[in-house]
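As recorded in TrEMBL:
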TRANSMEM  6-29  transmembrane segment
TRANSMEM  41-61  transmembrane segment
TRANSMEM  73-94  transmembrane segment
TRANSMEM  106-127  transmembrane segment
TRANSMEM  147-166  transmembrane segment
TRANSMEM  244-264  transmembrane segment
TRANSMEM  284-302  transmembrane segment
TRANSMEM  314-336  transmembrane segment
TRANSMEM  348-372  transmembrane segment
TRANSMEM  384-404  transmembrane segment
Amino acid sequence: MGFLDLFVVAMVPVLKVLLITLVGLFLALDRIDLLGSTARPYLNNLIFYVFSPALVSSQLAGTITLQSLASLWFMPVNILLTFIIGSVLAWILIKITRTPPHLQGLVIGCCSAGNLGNLLLIIVPAVCNESNSPFGDSTVCSSYGMAYASLSMAVGAIYIWTYVYIIMRIYADNSAENTENVSIADSESYTEALLPSSEKSSCHDHSVHAELPETMSEGKKVTFMERTFWNFKKFAANTNLKKVFAPATIAAMFGFIIGTISPIRKVIIGDSAPLRVLESSASLLGQASIPCMALIMGSNLLKGLRRSEISVSVIAGIVVVRNFFLPLIGIGIVKAAHHFGLVGSDSLYQFILLLQYALPPAMAIGVMAQLFKAGESECSVIMLWCYVLAAFSLTLWSTFYMWILG
């Protein structure tokens, strides 16, 4: 495959995303107002509660089996490494550029989560179907390549809606709390001034007493099981599980159960399965998530073009992390895994593992920014530059990966 052919293959999926983004930008114009400030939250909730869970559950149920877990176990590890390494590089970038607190979660999300779904689903079959593809027979290559890309998409979605979702939510909540600290501190100072010292100490003693288990407050010995139960009860009371478990995470659990438990899989998955309509319906719903994410990104881009608080240095840093440092580190990790026997000699499998480090940020980051009201416009500006440059960087890295795989 020549460089020009590879350039077109790598550029087409990125151009599709950019074109849909422009449609979202057009629909958000004041004269059109189909994706204005009123409509965006409704579409975003559809993606969050319906489309993304359907996509994750259908992809995971259709691709994950006990056999695939045994043979492809390194792929989830590799994807997790891309998230961890990207987060570390993002933390360094935040320290260097002194990123504002309300944008730090966004920077971590953009550096850690790559577009492990639709880009691979388009690039891999296109590479396999070329007459001079380096991966052998096109039919076999496409079959295995789609399985690898689907697994990558499913596992990536799990990490995005757990790891990145929790991080971005924590930073968004902390940023919101910091903006209220001044008013809260003022109100507390007036309250403390009105309370006598004796009442303050009695209130403190009462709160400490309320936190202790009954047996401890009565002077009795507390058993290990009682203390464990009390700690678990305290953790559950202070933890909002709705914030931890996103709908896509719950959907991933169902997809994993359906895919790995053979009796359930035979009933739902497959052309002859009696309940195959459930899987096909979920897959049909899930297909709407990717274009809708691009539309949301485009509608937020209009706001970002009008006013954005993100600096050029932060955007440049994210581009360098995703297009230079992560791909280079990925080469070392995949080569080391192959050297130590963790990854087999399948060149297509290694190619996809390497590509997972060179992809632009996941579009789900824009959905989370919209959900948490933290850097929606800035996220769209970042995505625009990352996807424009990805047309060139993906081509160069794909060519280099094919060369080193020989």
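Glycine residues also receive a Cβ, built from the backbone N, Cα and C atoms like all the rest.
Scored on C-beta pairs under 8 angstroms, the neighbour of the transmembrane segment (244-264) with the top count among 6-29, 41-61, 106-127, 314-336, 348-372 is 41-61. Among the stretches 6-29, 284-302, 348-372, the one making the largest number of Cβ pairs under 8 Å with the transmembrane segment (314-336) is 348-372. A contact between the transmembrane segment (147-166) and the transmembrane segment (41-61) is present, since 3 or more of their C-beta pairs, 6 or more residues apart, lie under 8 Å. The transmembrane segment (41-61) makes no contact with the transmembrane segment (384-404), as judged by fewer than three Cβ pairs under 8 Å among residues 6 or more apart in sequence. Here the listed stretches are 6-29, 73-94, 348-372, and the one with the most C-beta pairs under 8 angstroms to the transmembrane segment (384-404) is 6-29. Residues 1, 6, 9-10, 12-14, 16-17, 55, 79, 82-84, 86-87, 89-91, 93-94, 99, 133, 135, 141-142, 145-146, 148-150, 152-153, 155-157, 159-160, 163-164, 167-168, 171, 290, 314, 317-318, 321-322, 326, 348, 352, 355-365, 368-369, 374-375, 378-379, 382-383, 386, 394, 398 of the same chain, all 6+ positions outside the transmembrane segment (106-127), place their C-beta atoms under 8 angstroms from a C-beta of that stretch.
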